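According to TrEMBL, the protein carries these features:
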type     : residues : note
DOMAIN   : 34-120   : domain 'PPIase FKBP-type'
REPEAT   : 186-219  : repeat 'TPR'
REPEAT   : 220-253  : repeat 'TPR'
COMPBIAS : 285-302  : compositional bias 'Basic and acidic residues'
REGION   : 285-324  : region 'Disordered'
Amino acid sequence: MELLNFEGELLTSDGGIVRRIKVKGEGYSNPNDGASVDVHLEGRCGDRLFDCRDVSFIVGEGEDKGIPLGVDRAMDKMQSGECCLLYLNPKYGFGSEGKPEYKIGPDKDIVYEVSLKDFKRAKESWEMDVNEKLALFPDVKNKGNQYFKAGRLHQAVIQYQRIISWLELECGTGIEQHKQIQDYVLTTHLNLALCFLRLKDFSQAVENCNKVIEQDKSNEKALYRRGEARLLRNDYNLAMADFQKVLEVNPSNRAARTQLSICQSKMKEHQEQEKKIYANMFQKFAERDTKTGRPKRRRDESAQSSMNGEVGIKRRRRSQDCPS
């Protein structure tokens, strides 16, 4: 087979998945999250072949079949009949744990050759009515929770984001159903915030908490998790405000009280560090001025003398140019 794309295509913004197409696929359709796919896989670490099989799986749930995250995430870029090489860094491969059954150690780059033999797309949000979406919610949420408990945070995020894509813009057909949808969406945003906290993606954690707080200003979990995210990205004042609001909602929240103390300590440390930085800066300026003071005064005197001479000449010239 001849590589059609030699340089490779970045499939993620962090460069963790690079694809090189060996055989171009057919058609314009791609598998989506929830699609059923049939693939042939060949995985290599260095020159060693460690995985060779035909396998069927659900996109977004490849973890259940021992398929690396990077292969799962590349599915929505592939077409039927395509064969490609996927170069995966550890984040999208087997991570810091490695894969003992394949004799792969921690933090190893791997390469998978993937052939997409066939697939069946899952229904998109616009193809389902609200009752279908609500019926799917428990299973998808439970799947996300299972991944979260197993430490598979990226896989958990995929499941929770499917729910958001289905329900966030739904209104329902009555007050009761609208309330049910709202509860499901808020719960899912809280779960996403927790995942992003663990993944150290604090901006996304804050964003998901904000979505909850827009609907429920006194939501204790959202305020607490937003405070955590802000504290971890050193936004101490904002974090303190969140923990104070938590205590207004629930004065017996010991965790919030502890976090508030941590914020105050961090702010004090930060202020002390700033004082030291400025003190050292001013001391260096003073030392430099002391060393360079005399030559500077001589230069200033010389420059002033020169300027006085030039001013005198200019005055004499102006008196000559002016009409009498």
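The backbone N, Cα and C atoms fix where each Cβ goes, and this holds for glycine too.
DSSP labels the residues of the domain 'PPIase FKBP-type' (34-120) in these numbers: 19 helix, 41 strand, 27 coil. Per-class residue totals from DSSP over the repeat 'TPR' (186-219), listed helix then strand then coil: 27 helix, 0 strand, 7 coil. Within the repeat 'TPR' (220-253), the DSSP-based counts of helix, strand and coil residues read 27 helix, 0 strand, 7 coil.
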